[in-house]
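Presented below is the structure to which this report refers.
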Amino acid sequence: MDEDQAARQRSEEEGLERGEETAGEGQPSRAWDNRVEWDQQDLLMGLSGRESREAAGPEEAAEPEPEPGVPGGRSGEGRAGWEPAGPGGGERAAPEGGVAAGLEGGRGGEGRGEQDQSDGEGPAGESRSRSEARQQAGSQGAPGSGTLRGGYWEGSRERHRERKVKRRAKRTKQVESKYRLEKKPNLPQERRQAETQKNVVLKGETSEACPCWLSEQRRRPPTIQISLSPKPRRQSQWSSLCHTSVSVINELAQMGDPDVLEMVQEEERISNREAEYIFGMNEQSLSSRETSFLISEEPASAKRYNLFLKRRLLFKKDEQSKDSIFFRDGIRQIDFVLSYVDDLKKEADPKAERRKEFEQNLRKTGLELEIEDKRNSEDGKTYFVKIHAPWEVLVTYAEVLGIKMPIKESDIPLPENIPFSCMLEPLKLPKNVKHPHPEYFTAQFTRHRQELFLIEDKSSFFPSSSRNRIVYYILSRCPFGVEDGKKKFGIERLLTSNTYSSAYPLHDGQYWKPSEPPNPVNERYTLCQNWARFSYFYKEQPLDLIRDYYGEKIGMYFVFLGFYTEMLSFAAVVGLACFIYGLLSMDNNSSSTEICDPKIGGQIIMCPLCDLVCDYWRLNTTCLASKISHLFDNESTVFFAIFMGIWVTLFLEFWKQRQARMEYEWDLVDFEEEQQQLQLRPEFEAMCKHRKINAVTKEMEPYMPLYSRLPWYFLSGATVTLWMALVIACMVAVIVYRLSVFATFASFMESEASFKHVKSFLTPQITTSLSGSCLNFIVILILNFFYEKISAWITKMEIPRTYQEYESSLTLKMFLFQFVNFYSSCFYVAFFKGKFVGYPGKYTYLFNVWRSEECDPGGCLIELTTQLTIIMTGKQIFGNIKEAIYPMVLNWWRRRKARTNSEKLYSRWEQDHDLETFGSLGLFYEYLETVIQFGFVTLFVASFPLAPLLALLNNIIEIRVDAWKLTTQYRRPVAAKAHSIGVWQDILYGMAVLSVATNAFIVAFTSDIIPRLVYYYAYSKDATAPMKGYVNDSLSTFLIADFPNHTAPWEKRDFTTCRYRDYRYPPDHDQKYFHNMQYWHVLAAKMTFIIVMEHVVFLVKFLLAWMIPDVPKDVLERIKREKLMTIKILHDFELNKLKENLRANSSELAKEVLIQENKTQLAKSTV
């Protein structure tokens, strides 16, 4: 290759000599006409040779040191910017298409600026002497100014400029008809001024060292340069002085030139052909074909990374770490990954065009991309596009998003230790995990005040969550084409159309081991060790680390879940105490004692519980059920119901304070709603046919009239109503099951002798209740599964305008349905069962077929407890198993299906690609699950004091399950900001108010406490044992002869009366079977209790809400202190900056005054 270059160079020099001779004789020279073609051929041959060496590996690609005196030495060839190659070297320029061509300099001395040969022997010496002659002529103006040669010089230059303008206009017209360009944001004004001053100084200092170059700069228009080879190891001082590092493709990209991508792709195709020819489609060389496109605005970055250098610092696949989160150069960190698979269908070409333009526009915004070929992936089908955000992009969009960054370490002292905090030491995490960073005063980042912020290392200044949030912000707004006259943009639309299969940020590394250098600290491993371990269930959560890794929105969910769990511990202790009280007082309960007494309960004959097939039964058969009922239905029930009404208020008020504290600590005080949530949904834009001016932005945007949405709103409302009716129908079906099965159980257990031993504790009532509750739970899960799909589809059909509207609409539908689905059976047992039964001889019938259900003689509270326990416990167990097992099985199957080539590298982005997607609605379902559990704990807690304890145990497991699945089984979610739990807080307030009413009604109508109190104070006849005779008083008498023929049992009995639970007159009374006066007394007592309890609880709630401030006093003081210090720091910064400017201006003024004085003195001295 060196011999070919030397021969080509000698022929070129001979051509130049002939051109000069003919020009001197008055003949037109063709040397300048062919000059561009010679440079193009030379450049392409040099590019192919260099890329072939680079494809062979880093060792073989190293350039040999140039030997002095060798004409073919090209050590300085292709350096970015103007590079005079010594006193006779030719400048390297790219007049058109990004192709380097030296139009004015001689080729003989090209690239030999570092040799500084002092002798002129041989061809190199001749070339140098000719170059020096041309330099001298160039320093005086045009070559041969005023001669025939000078005329041809100017004519050739003019013809070349005309051809360049015509070609560029033609190419621009062709490309602009195909692509729609975006204007590149301007450089900061300060940076432009600094660069301009630097260039002026450089020109001033080098005007004497390189006069030819300066004269050429004055005569010719500015030309864009291209760098096609690595920077040489040695560079002469004179050459480096005249050198400016500006890449042609970088410059073209900044100007929005549409030919940048085509230029680099053409260069890539040439290098690929050379690499295939030399290495024979070797897999190692193929893995490094993709070009790394970088766009930077600072020359310093260009020097550091050598921009647009293809396959720089190539790593061999077998040597590269599989956990690397960097580009192949090992320097630039991967902030986001896109993946796609080649589509063989008809849509393949449009998708490829969309991807091409989308990636091109991403590069124009400043993002840097690196593509992994599908032959390097495990499945051999998937392409991966790795994205890196350079410093310039981060600082620009950090200012746009209003991200707050530290400016000074906080001087506010930490709160003093809580008393007895030493007892809580086992529950605490290490300080470096709980608080990984010190407290800082923060301010919104501004790129023009970078000196103000505590920037120690630019690569780690922005946390990874902020980096991927910035990149996603760009991805969600980047356009990818115009379809049907509408501009299309956003990664979400590309994911919806399967143009890309996935888009996700990378995890820091493996979760089971720490990262190795040069990777940064593996926060994923730290979270897994200190948060996602089930053995740490008693430990606090590393909330700051969660926020840094996953963002504020996910962090706020775990703050809420942790705080809710802490508050549940108090309710669980009180509920457990109430349960223990019932357990200890069970033997002293007079009601269950009388029921179990053979002389009392054994002598009471009860009326049949169903028609025809059911027989009469004795009251003492419900002995065990009455004792169990006393565990939950005792004097402590009223106390616990009132306590839970107050606890709900305290929980919500203290949560406000905790939320305010987190807003301060996480810099969310002045937070505004995320713009992503207010962004138009792609589906909305696609369906809109109308446009109108936005009142705020004054821009045209898609608009959908109300009449276009009304049909979908009606369909949505009808669908939700239909599914709610379906839930009610299923509940009625379960009731019918209980009614029909009860008679079967009763007759079967009476006839079978084998059930004699279990009849004491497994009565027909308990058997029916248990089986009905389990069946109801299964129906709930089935309906919930299908409704989730239906509700998501209906919400999409409504075509919500923004993502926030979509989430709000889905929240309303899902909560209403799940509220009815999970709570309807509990409401039925608590408020309807046994309340409208009638009496023997005149029972009420469901659909005139099935007789209404009756409560147990001890009341319906035990059945409500059974129903609540089965549904609540079953839902929690099923939910945790689903959350843990489902993603793990899916990931295992995906990895097993994908890893077909075990010898290939299973890279970091492929490992994350095979994980399950958390999704934008992942937190929605987590909040929904927690709110439904909150309803079980508050709405029906009077019937089951152990509900807070079960919820506490579930939440302890739930926190670790959620942490484990997020850390190990899911891709890393895109970080998002949130200052609160959103609409769920309003739902919690509504449920808190409703819980006061439901618990009051449960105590009054479902529990037996009010009838016992009425008997105790109004109807008791024994002062020593006030509750003696209560069971007999609560049962009414019915004459068996009054039974209709179709309801009486078949077998005749020798007794004449039976008892039933109600307050009615006996058969021998004038108003027989009508409600007696005691019934009205009990009803009045129940209504009085409801009114009194509700007013007392609501009064306490309002007093507590008024007394407890929403923002704690110490947090208010901290916020005020931080605002004051921030303003002071900003003021001092601006003041110092102003002083420096004034000082600089005053020094310049002093210099001018001194010069004028010297001139004056000099003039006087001469006179």
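Backbone N, Cα and C atoms are what each Cβ position is placed from, and that goes for glycine too.
The compositional bias 'Basic and acidic residues' annotation in TrEMBL covers 1-21 (among others).
Taken from TrEMBL, the feature compositional bias 'Gly residues' applies to 70-79 (among others).
Marked as compositional bias 'Gly residues' by TrEMBL: 141-153 (among others).
The compositional bias 'Basic residues' annotation in TrEMBL covers 158-172.
Feature annotation from TrEMBL assigns compositional bias 'Basic and acidic residues' to 173-195 (among others).
TrEMBL lists 326-543 with the feature domain 'Anoctamin dimerisation'.
The domain 'Anoctamin transmembrane' annotation in TrEMBL covers 546-1122.
Positions annotated as region 'Disordered' by TrEMBL: 1-198.
TrEMBL lists 557-584 (among others) with the feature transmembrane segment. Distant neighbours of the transmembrane segment (557-584): 540-541, 543, 546, 630-634, 636-637, 639-640, 643-644, 647, 650-651, 654-655, 658-659, 662, 923, 926-927, 930, 934, 937, 941, 945-949, 951-952, 955-956, 958-959, 962-963, 981; these residues of the same chain sit at least 6 beyond its ends, with a Cβ under 8 Å from one of its Cβ atoms.
Sequence-distant contacts of the transmembrane segment (637-655), counting only residues of its own chain at least 6 positions beyond either end whose CB sits under 8 Å from a CB of the stretch, comprise 560, 563-564, 567, 570-571, 574-575, 578, 937-938, 941-942, 945, 985, 988-989, 992, 995-996, 999-1000, 1002-1003, 1007, 1009, 1093, 1096-1097, 1100-1101, 1104-1105, 1108, 1110. Positions annotated as transmembrane segment by TrEMBL: 637-655 (among others).
Marked as transmembrane segment by TrEMBL: 713-746 (among others).
Long-range neighbours of the transmembrane segment (766-787) within the same chain, counting only residues 6 or more positions beyond its ends whose Cβ lies under 8 Å from a Cβ of the stretch, are 625, 723, 726-727, 730-731, 733-735, 737-738, 741-742, 745, 749, 814, 817-818, 821-822, 825, 863, 866-867, 870-871, 874-875, 878. What TrEMBL records for 766-787 (among others) is transmembrane segment.
Among the features that TrEMBL reports, transmembrane segment is placed at 810-831 (among others).
Per TrEMBL, the feature transmembrane segment maps to 931-953 (among others).
Residues or ranges marked as transmembrane segment in TrEMBL: 987-1007 (among others).
Listed by sequence, the residues of this chain that lie at least six past the ends of the transmembrane segment (1087-1108) yet keep a Cβ under 8 A from its Cβ atoms are 638, 641-642, 645-646, 648-650, 653-654, 656-657, 992, 996-997, 999-1001, 1003-1004, 1010. Taken from TrEMBL, the feature transmembrane segment applies to 1087-1108 (among others).
987-1007 is the stretch from 713-746, 810-831, 987-1007 with the greatest number of Cβ pairs below 8 Å to the transmembrane segment (931-953). On the 0 to 100 pLDDT scale, the domain 'Anoctamin dimerisation' (326-543) averages 87 in the predicted structure.
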